């Protein structure tokens, strides 16, 4: 039975009415989509990580923190993080040096910039799977072009089948595909640099290298960090190329953490453990992102 | 300190000629102003001296050295840019020290020079700040400071005051003039503002469409403009121009037109010199300050009856726009407004301070 309310006091009905405002109603579909594709899976992931959850058995049972403990105890996880760090640091390092270097060359180029950028960008438009296939064909020890070239120099190895060469090979494929992205981002940053401080530096007596060191690089520092940030987020989760070329082998030498997650989830069907791995990757990514942001604004 | 010599310097972008045969000899310690409307080639000329633009033709000398192919860093010049061009990531001290650091001066020498310059420009309290924490005027001081610590042979200034508000501009103008008196460094100063040019320059180069119109001292530019462009460009408000022809009445020569304009040439020499132009279209010029309602200048029959169109009261003086038939004349009068709009008043044109141009060539005939 509805009770009389004092005027002006918020009633339950009033609160409800305020919730169903036009604005909120218009936001609702977006919130629903977001909840279904992002929030709910995330919560479910946390739930799964606490369960003994295998697709092989019928019902997940509560496992406590067993999956989380495995994260630190399992030597294979440790191995994968090691590979990931080598893969990411070397790959990002090469991409940074090459990407920024080529951006600087293009920035200084008197002509031909657009044509070169277009050609240089092509690998980005290729799906990572295709990039992996290309790498596979080119480096294949029986019919690969690059393998053949190496053989002419007396190098006879199965590039993807040897521990010493497999990781460098997949790193180079990543560098081939993603250096252009760094070039593109950094070049756009360079092109938006104000020209007057550069001219002032010239008049002040700076050589090209001094301009680069004291003016150009400090002024484009942030955009370079942004490019690295984007790439560092990607490099951990893009498994397509490695999946196609080596599938993590030989002897787990190219099994980055993302690929390990894939194996655990879809080969061993251990969803609970995979969820824990996934969440640990999320935590690492968040901290990495935070670190980049701090570096970026630390110069204030 | 040094002289700067332009010998037939040309600048073109492809087919487009931006600066045509620029000849000029700038004396040591001189303050020279390049002035002209936007797009006249003045900034390009300055940037050629700086080495930021390639020289298409001719020779440019700083001191006795031909610098056409010398990079900016070897020219020993310092430049102040319109947008200040400070290094945004360096503080004021580092901005000023940068050029000295590159030239490998000792830390103590750098410190001494920066502090000195900061004292001259009264920006000592700002040395730790970044450019974005400074006001426009402060930034411009830093930019000037960065130039003077270098003690270069030549200062180049590219519209350094254009981005400042009116009051600050007037103040900085005086400070720059003082600075030049103190340092005596040869200075090339580019501006589109004729007041800046007139107040600061030892000599002024008036440019239009890449062509030098006249090189002269401020007094000479004002009193003896070479052509209609210079006459109209120098002075504010600008000179009045009236299209006219010569007409002889008895012994006297008049300049007249159909709008009721009439001006008696008093000097027989001028009348004689104008003899070849009897049939030609002429342009009569008179500055606003040489229009008067004082009746002592000319005989009564030579007054012009003009209608008052607009009265602009500037406080110390009043600008009055008259119409004479279809012609418009601006007069400048000391004191407050004395006429009402719509009134017809008698005005006289100063018989000793007028200009005459050939309408076809626009060159001065006097």
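Quick reminder: no glycine exception, Cβ is built from N, Cα and C everywhere.
Noted in TrEMBL for the protein shown:
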- A:81-292: domain 'ABC transmembrane type-1' (DOMAIN)
- A:25-47: transmembrane segment (TRANSMEM)
- A:85-108: transmembrane segment (TRANSMEM)
- A:115-139: transmembrane segment (TRANSMEM)
- A:212-230: transmembrane segment (TRANSMEM)
- A:271-293: transmembrane segment (TRANSMEM)
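Among the stretches A:85-108, A:115-139, A:212-230, A:271-293, the one making the largest number of Cβ pairs under 8 Å with the transmembrane segment (A:25-47) is A:271-293. Among A:85-108, A:115-139, A:271-293, A:85-108 has the largest number of CB pairs under 8 A with the transmembrane segment (A:212-230). Listed as Cβ neighbours of the transmembrane segment (A:271-293) (distance under 8 Å, sequence separation of 6 or more from its ends, same chain) are residues 45-46, 48-55, 60, 63, 67-68, 70-71, 77, 225, 228-229, 232-233, 236-237, 257-258, 260-261, 264-265.
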